[in-house]
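Read through the structure below, which is laid out as structure tokens, and then see the notes.
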Amino acid sequence: MKTALLPDGLIRTLAGQALAFVVALSLGAVIILMIDESPIAVFMTLMRGAFGDAEKIAGTLLQTTPILICGIAACIGLRGGMFNVGIEGQLFLGGFAAAWVGFAFALPPFVHIIVAVACAILAGAAWVAIPAYFRVRYGTNEVVSTILANYIAVLLTSYFTIFLFKRPGGWSETPPILPTAYLPELFSFSRLNIGLLIGLFLAIATAAFFRWASAGYAATMVGSAPKFAEYGGINVRKVGFSVLLASGAVGGLAGGIETLGVHHRFMEGFAPGFGFDGLIAALLANGSPIGTIFTALFFGALRAGSLLLEVDTTASREIITVIQALIILAVSADLMMRRRGDRTGERRWKF
Amino acid sequence: MEVLSTIFNVALIVATIRTTAPILLVALGGSFTTKAGIFNIGLEGQMLIAAFFAVLGSIWTGSSLGGMVIGVAAALVFALVFAVLVISFRANEVVVGLALNILAGGMTISLMKAIFGTRGSIVGRGIVGLPKVQIPGARDILGPYTQLISGYTPLIYVAFIAVPVLILIYGRTRLGLYIRVVGEKPEAAEALGISIAKVRYTAALLCGLLAGLAGAHMSLGYITMFTENMSSGRGFMAVAILIFSGGDPWRVLAGCLLFGFADALSLRLQTFGFPSYLVLAVPYTVALTALFALSWKARPKLIRETIETMQRALSVHPAKSETPDTSSNRS
Amino acid sequence: MTFAVELKGITKRFGAFTANSGIDLAVRQGEIHAIIGENGAGKTTLMNVLFGLLQPDEGTISVNGKPMAIDSPAVAINEGLGMVHQHFKLVPSLTVADNIFLGMEIRRRGLIDRAAQVERTRALSQKFGLKVDAQERVAGLSVGIEQRIEILKVLARNARTIILDEPTAVLTPQESRDLFQTLRSFVDDGMTVIFISHHLEEVMAVSDTITVLRDGRVVATRPKQELTKRELVRLMVGRDVSFDRRPRHIVQGESVLEIEDLWARDDRRLAALKSATFSVRAGEIVGIAGVAGNGQTELAEVLSGLREASHGSAKLHGKELVGCTPAEIRDLGLAHVPGDRLARGVDRNAALSTNILMGRQKKAPFAKNGIINWTVVQDEMRALIKRFDIRARGPRDVARSLSGGNIQKVVLAREFTAGGDMLLIDQPSRGVDIGAQEAIHDEIMRQRAEGRAILLISTQLDELKALADRIIVMFEGRIMGVVDGNTMDEDAIGLMMAGVDPSDVKEDE
């Protein structure tokens with residue numbers, strides 16, 4: 001238990017993860033060859049795009065922020081035994097809610113940020129509340145319900161943006177938020193803002209919560225052995241509901257930070273795929289919030305690098321999505337695991 | 001009233017049948033995996049990849065049949081990867097399914113960019129759509145209602161014929177029986193020397209076959225084009241249907257008709273000036289509502305004993321009709 | 001003399017653990033050959049090797065004098081071997097006939113011929129005197145009938161040698177007696193029966209030859225006549241073990257648990273617990289006897305708050321338990337050792353200290369202001385390992401790595417130190433070896449001496465005989481009668497377990 005924030009069996013996990021990376025990257029190379037590009041050139045371009053200079057590194061961190069916060073949202077769900085695949089939707093609603101507070105109300109600086117962020121959090125939590133209620137009360141599969149809710153969230157926010165709050169003269173975007181609601185930026189040359197610090201703090205706080213808080217213990221037990229938790233007097237439904245709500249709230253927060261810190265408005269398709277990237281980052285980190293910091297950074301770098309990729313080569317930036325998916329597939333196979341004889345070997349979300 | 005009658009007419013039924021078919025095909029595919037005890041969230045990706053390769057195949061071969069075969073082959077490859085990881089490597093099925101969906105999305109866009117040099121969609125360029133089947137003699141019998149049964153693309157007929165075929169497979173064939181057994185009680189299959197892995201692989205590939213057909217229908221059926229993420233959640237709706245139908249073909253059909261109707265209706269409403277974004281959300285909302293409503297309906301209800309139930313419970317006792325008197329200790 | 005089955009030098013290892021080591025076993029044709037041993041002695045592994053579910057690392061197998069490699073159940077079936085597993089492998093949604101012919105369906109034109117299957121099932125059922133309704137669905141049939149179907153399944157495959165793995169675990173004494181008669185008739189027809197059990201009495205009752213396994217080795221193979229029960233135990237355990245009634249002082253405490261007209265429904269929403277009324281006093285062990293599945297589980301779940309009662313009341317120290325959550329019931333002073341230990345009692349993948357924390361994660365000294373002090377938890381776990389003689393390296397061991405008996409000790413340690421004065425103990429020695437069983441019984445008696453009220457649910461009469469002050473017998477959810485532990489009459493209990501009121505029988509005589 002002295003390993004504190006790091007889970008047991010870390011070495012084995014890391015070795016397995018590394019092997020999976022190698023397999024996935026080689027598969028990725030094959031696919032890059034298939035589309036007539038040189039894998040090395042693609043890789044170098046990605047690296048240059050991600051870490052080429054200070055501005056590029058800031059860009060990477062800028063992409064990392066929402067992935068990290070979404071990843072923490074996923075981690076919270078996974079630890080409590082819930083697959084929140086609806087982070088994407090919570091992100092959109094949180095983003096819209098923050099933008100709405102940002103442009104519709106005039107509040108003093110700082111207070112404005114707090115209120116906007118709070119609304120984002122509330123919106124995210126509210127969006128997951130119904131699937132969460134049905135999950136814990138009636139056993140409705142949360143994977144499917146949250147995925148379907150994503151589609152509705154995206155369409156709903158688009159509707160709000162285009163039909164109710166369209167910027168006069170603009171295309172599909174809301175009016176810009178007031179400067180009082182801008183998140184403080186960290187450097188002059190980038191939009192990188194304190195959202196990153198919020199994400200890092202949140203990762204550490206989440207890890208500590210699951211490690212040392214009584215409530216964190218209850219949530220972990222509900223996730224890993226629900227029948228045992230029920231027997232031990234933990235209110236499994238209440239904990240499960242809270243876990244999903246917290247996960248949704250963090251998803252909403254991610255959206256709020258994205259609008260208040262980066263775009264300063266809400267627009268159609270403002271943050272595509274961050275929710276899924278976050279989920280993948282969390283899965284790759286095996287549900288560990290600290291691990292998610294690193295996997296989110298990796299995915300952030302891929303994303304930042306892919307922008308240059310599209311400029312410098314003919315490859316599409318979606319090639320990084322392919323690489324991400326391949327990594328997850330390779331990791332899910334758990335190549336390091338010795339296959340045991342028992343065919344009923346239990347597997348939870350740990351993959 | 002007039003508005004209602006323009007919305008609800010024969011054309012709406014025809015539109016429902018048309019929109020039902022792809023989701024029915026993919027849901028029936030998922031029925032195999034569901035019955036075999038695999039939660040297959042990867043239907044969406046299998047459909048999408050098939051839709052893309054069907055378009056590609058029809059350009060390459062210059063025939064819609066060729067396109068369909070190549071599309072199905074692509075879906076089968078995805079189904080095989082899913083099966084290898086989930087069945088042989090025993091990876092988490094939700095993770096693998098989601099990853100394959102993401103892979104399908106990224107791969108189709110990357111390949112589109114690499115092959116066609118564009119983003120967004122592929123239209124024209126020599127894509128050959130599926131022909132429409134005219135049933136001979138239908139016009140003479142049905143008159144204005146001919147379009148109810150005639151003039152669809154072949155895969156629509158396949159989708160609806162697949163329902164009774166699946167019922168036959170589950171009810172009367174060895175394969176269907178084994179799929180059910182493997183899903184319901186794998187240890188029974190194992191003890192009798194039935195290979196669980198083999199049956200599950202078969203189910204996963206059959207699923208890929210039907211999902212592939214669904215994808216091919218999407219891009220070669222009524223519209224002959226491919227668009228980024230054109231499956232737009234149909235695969236997930238199919239999973240929702242599978243959850244509350246348990247993979248039973250009749251119930252799958254009922255669920256798919258509901259969604260097909262919602263889809264057709266929403267398309268219709270769009271032409272009446274409802275905000276398109278809200279109208280587009282109708283099928284997802286219907287799916288979600290159905291999912292919630294049916295799980296609410298299946299909730300366990302607490303039963304309290306009444307005098308009547310208590311008497312009944314005690315009177316069926318074989319040896320004695322009276323409650324044994326245990327309150328006074330015999331010891 | 002040809003042997004129906006002959007194993008020579010069978011060794012099977014799982015990693016570093018040797019489940020079977022150099023086992024020689026020869027089963028004569030036309031005999032009932034019992035294989036007896038404790039849990040973990042290697043009986044099931046051996047039978048899985050014989051049946052082709054596992055491959056031996058060393059050794060040879062001969063069937064009817066022919067040496068052969070049995071690399072899948074299909075080969076074993078082909079050679080006339082049939083296995084009736086301990087846990088039935090029937091598909092609930094299929095009919096009896098479908099289940100019997102699963103894997104060897106009768107087909108006509110590619111489709112399954114249901115009528116022919118039903119026909120053949122009826123013929124088989126008649127021939128062997130095993131009554132079943134071929135067209136009924138298996139879901140909802142009693143275990144006795146399920147076992148008949150399993151035996152028919154084996155017979156339909158023309159088995160001449162039938163292996164039964166712990167066949168009586170779920171049967172009433174009467175059903176067991178019927179089963180033994182059936183087995184006898186098989187042997188009279190020239191068939192061979194291999195009977196696996198850890199139940200001394202029935203092995204003595206039914207078998208011709210007995211092979212005793214211990215720690216994966218054969219310790220003896222002898223005709224039944226040459227063995228006594230006491231000898232058998234010594235062979236199984238390697239030392240003398242007493243199953244005698246534990247000596248005790250009469251403690252007349254006040255009534256702790258009062259149950260009145262308590263009803264509950266099972267997962268299928270059928271009445272499973274019917275009008276239970278009894279009480280448990282401090283310093284008293286009340287045993288609940290009955291064949292598994294006669295409402296004991298539901299009783300335990302209702303008392304611990306895991307299942308809602310459908311009627312009636314249960315009072316602990318005069319406070320109503322019905323309608324309370326498991327947490328509230330724990331706070332009222334009820335500790336619960338669950339019957340389904342691996343699902344309910346522990347998180348198998350978690351460390352022992354994580355397991356021991358359950359239920360007290362908010363309580364001092366383990367936590368303060370909602371923050372867990374892991375150092376205290378570890379120290380507590382270390383102390384419990386010592387006090388309950390748990391065979392573990394330390395508090396960080398994962399529960400899964402412990403043996404069944406030691407996992408049970410972890411559960412007991414947690415529950416007995418939770419401060420409750422009412423102990424609800426469900427199947428304390430299920431899947432526990434005899435050595436650990438003794439220690440567990442000692443601990444239960446110690447708790448009794450400390451004045452705790454104990455409700456002990458067990459399907460093993462020996463256990464109740466050794467421990468209980470009073471024994472309540474349940475059948476189909478009803479209390480059939482209460483027997484004094486000191487003067488218990490096993491026949492009377494056996495009748496009650498089968499649903500017959502002993503006073504009725506006496507009146508008939």
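Using the three backbone atoms N, Cα and C, a Cβ is placed for every residue, glycine included.
Automated prediction, rather than curation, is the source of TrEMBL annotations.
Going by TrEMBL, these are the annotated features:
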- A:14-36: transmembrane segment (TRANSMEM)
- A:57-79: transmembrane segment (TRANSMEM)
- A:91-107: transmembrane segment (TRANSMEM)
- A:114-134: transmembrane segment (TRANSMEM)
- A:146-165: transmembrane segment (TRANSMEM)
- A:194-219: transmembrane segment (TRANSMEM)
- A:239-262: transmembrane segment (TRANSMEM)
- A:274-299: transmembrane segment (TRANSMEM)
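Within the chain, the transmembrane segment (A:114-134) has long-range Cβ neighbours (under 8 A, six or more residues past its boundaries) at 82, 84, 86, 89-91, 93-102, 105, 107, 140, 142, 145-146, 149, 153, 177, 181, 240-241, 244-257, 259-260. Note: the stretches the transmembrane segment (A:239-262) and the transmembrane segment (A:146-165) are not in contact (fewer than 3 CB pairs below 8 A, sequence gap of 6 or more). Of the two recorded stretches, the transmembrane segment (A:57-79) lies close to the transmembrane segment (A:194-219), with three or more CB pairs under 8 Å once pairs fewer than 6 apart in sequence are set aside.
The list of residues near the transmembrane segment (A:91-107) in space but at least 6 beyond its ends in sequence, with Cβ under 8 angstroms from a Cβ of it, reads 66, 70, 115-117, 119-124, 126-127, 153-154, 156-157, 160-161, 165, 174-178, 180-181, 251-260, 264-266, 270-271, 274-275.
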